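What follows is a single structure, written as C-alpha cells, with notes after it.
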Amino acid sequence: MTMDSTDYIQGGSPPSTVKDDIIEVETLDTRTTARPEPATFKVYKRRFFGLGQLVLLNIIVSWDWLTFSAVSKTASEYFRVSEGAINWMSTAFLFAFCVASPIVIWTLNRGGPRSSIITASALLLAGNWIRYAGTRAGSGNFGVAMLGQILIGFSQPFVLTAPTRYSDIWFTGQGRTSATAVASLANPLGGALGQLIGPILATDSAQIPNLVLYVSIISSVACVPSFFVPSRPPTPPSVASETVKPPLLSSLRQLATRIEFWLIFFPFGIYVGLFNSISSLLNQILYPHGYSETVAGITGALLIVVGLVSAAIMSPIIDRLKHYLGTMKILIPILAATYIAFIFAPSSGNVAGPYVLASIMGATSFCILPVALEYMVEITYPMSPEIPSTLCWTGGQIFGAAFILIENALKAGPEEDPPLHMMRALIFQAVMATAVVPLPLCVGLFGIDVRKRRLEAECQRVGSLEEAIIRRV
C-alpha cells in the first residue's frame with residue numbers, strides 16, 4: 001500500500017474495517033458484510049491536489065470573466081465605448097465557451113482531466129496578458145482587450161466541465177457530489193471576488209489598467225501548479241472508475257434519444273444562463289435606481305457567497321442520501337419564485353430587497369447545480385461523465401449569451417423614468433425561470449424508466465444490492 005492511499009471495498013465511507021477476512025461495507029443507510037474480492041479499490045490523498053487546482057482555476061477564470069462587468073460604467077469611460085460594448089466582453093466570453101466545447105469533450109474523453117487543466121492554463125496565461133496589453137496600448141485598445149477576453153473564454157470549458165470527470169476518476173460514491181460541488185461552485189466564487197474587488201481597485205477610469213494587471217498576475221501564479229497534477233490514480237477508487245465507457249459518438253447518439261436527459265438539460269441550461277446574465281448585468285440593473293457600484297458588488301457577492309455556504313451544507317447530505325431528483329423538484333420552484341420577486345427589488349429603494357433575494361437566489365441555484373450534474377451522470381451511466389456535463393454547461397453558456405443580448409435590448413431609453421432601467425429585462429428573466437419549472441417535475445412520469453444506474457452498478461459489484469434499496473426516481 002502506498003503512503004497516501006486507503007484500501008476499501010467500494011460503497012463504504014468511512015473506510016471499511018477488516019476483521020478475520022470479513023470486510024464491513026456501508027452502502028447508503030444500511031450495513032452488510034461481503035467477502036473481499038481479489039482486487040480492491042483505493043482512494044489517494046493526492047486526489048485533493050488536482051481537485052484544489054480545479055477549484056483555483058475555476059475561481060480565476062470566472063474572476064477574469066467579470067473583470068469589466070463589475071465596473072462596466074468605469075470601463076466604458078476608459079475604452080471610450082458604450083456599456084453595451086462592455087457587455088460584449090461577457091457575451092463573447094460565453095460564445096467562446098460554446099465554440100471550444102467540442103474540443104473539450106474530445107480532450108476530456110481521450111486525455112482526461114490533466115490534459116484539460118493544462119490546456120486551460122495555457123489559454124488563461126495568453127488571454128490575460130493579451131488583455132493587459134490591450135489596456136496599455138495607447139489610451140486603451142478595446143479590440144486587443146476583447147481578443148484576450150475571448151482566449152480566456154476558450155479556457156473556461158476545459159475546467160468548468162471537468163469536475164464530474166475528475167470526481168468519477170478519483171472519488172468514491174460517498175464523495176462525488178461534494179467533489180463536483182466544490183470544483184464547480186468555485187467558478188461563481190471567482191465571480192464574487194470580481195464583483196467585490198473590481199470596484200475597489202478601479203474607482204476611476206485611469207485605474208482600469210492596474211486592475212487588469214493585478215488580475216493577470218494572480219491568474220499567472222494560479223496556473224503554475226497545473227503542470228504537476230497527476231493524470232489518474234494507480235488503482236481506481238470505484239467500479240464506475242474502472243468501467244469501460246462507450247465510444248464518444250455512440251454516447252452522443254444515445255443521449256439524443258434520452259428524454260430524461262432533455263428534461264434536466266433545459267432547466268439546467270436556462271438557470272445557468274439566467275445566473276450568467278444577472279451576474280453580468282447586475283450593476284446595470286441596480287445603478288438606474290440610485291445604487292452604487294459597491295452596492296451592486298455586495299449584492300453579487302451575496303448571490304455567490306450565500307450560495308457557496310448553502311451548497312457546502314447540502315452536498316454532503318446529498319452524497320449520503322442520493323435524493324437527487326427530489327431535491328431538484330423542491331428547489332426549482334423556489335428559484336423561479338425568487339426571479340419573480342426580484343422584478344420589484346431594484347425599485348424598492350432599499351438595499352434589503354436586492355440583498356435578501358440575491359441570497360435566496362444564490363442558495364437555491366448553488367444547491368441545484370451539483371445535484372443536477374451528478375444526477376445526469378447517474379442516469380446516463382455508463383457514458384463518460386464529461387459528455388452530459390459539457391453539453392449542459394454549453395447550453396448554459398448559449399442561453400447566457402442570448403439572455404445578455406436580449407436583456408440589453410430590453411433596457412429602457414434615457415428618456416424613461418428612471419433612465420436606462422431594466423424592468424423589462426427582469427420580467428423576461430422571471431418568465432424564462434417559470435417556463436421550465438414543469439420539466440423536472442415530469443421526470444419519472446409517463447412510464448419513463450429513470451434509474452441511478454451508476455449507483456446500482458457499484459452496489460451490485462460489492463454484493464450489497466439486496467440490502468441497499470436503490471429507489472427508482
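Counting begins at 1 with the first residue displayed.
Heads up, the Cβ atoms here are built off N, Cα and C, so glycines get one too.
Under the heading transmembrane segment, TrEMBL lists 48-66 (among others).
Within its own chain, the transmembrane segment (86-108) is flanked in space by residues 65-69, 72, 75-76, 79, 115-116, 119, 145-146, 149-154, 156-158, 160-162, 165, 248, 276, 280-281, 284, 384, 386-387, 390-391, 393-394, 397-398, 400-401, 404-405, 408, which lie at least six positions past its ends and keep a Cβ under 8 Å from the stretch. Residues or ranges marked as transmembrane segment in TrEMBL: 86-108 (among others).
Annotation comment: TrEMBL describes 261-282 (among others) as transmembrane segment. For the transmembrane segment (261-282), same-chain residues at least 6 beyond its ends with a Cβ under 8 Å from one of its own Cβ atoms are 66, 69, 87, 90-91, 94, 188, 191, 195, 255, 296, 299-300, 303, 328, 332, 335, 339, 361, 365, 368-369, 372, 375-376, 379-380, 388, 391-393, 395-404, 407-408, 422, 425, 429, 432-433, 435-437, 439-440, 442-443.
Summarising the annotation, TrEMBL assigns transmembrane segment to 294-318 (among others).
The transmembrane segment annotation in TrEMBL covers 330-349 (among others).
According to TrEMBL, the transmembrane segment annotation covers 355-375 (among others).
When Cβ-Cβ distances below 8 Å are used as the criterion, the transmembrane segment (387-406) is approached by residues 87, 90-91, 94-95, 97-98, 101, 104-105, 108-109, 157, 160-161, 163-165, 248, 251-252, 255, 261, 264-266, 268-277, 280-281, 372-373, 376-377, 380, 425, 428-429, 432 of the same chain, each at least six residues removed from its ends. Summarising the annotation, TrEMBL assigns transmembrane segment to 387-406 (among others).
Long-range contacts of the transmembrane segment (426-448) within the same chain, counting only residues at least 6 positions beyond its ends with a Cβ under 8 Å from a Cβ of the stretch, are 259-260, 263-264, 266-267, 270-271, 273-274, 277-278, 285, 325, 328-329, 332-333, 335-336, 339-340, 342-343, 346, 403, 406-407, 410, 472-473. Annotation source TrEMBL lists transmembrane segment at 426-448 (among others).
Distant neighbours of the transmembrane segment (48-66): 90, 93, 113-114, 117, 120-121, 124, 127-128, 131, 149, 152-153, 155-156, 159-160, 162-163, 166, 170, 179, 182-184, 186-191, 193-195, 198, 215, 218-219, 222-223, 225-226, 228-230, 279-280; these residues of the same chain sit at least 6 beyond its ends, with a Cβ under 8 Å from one of its Cβ atoms.
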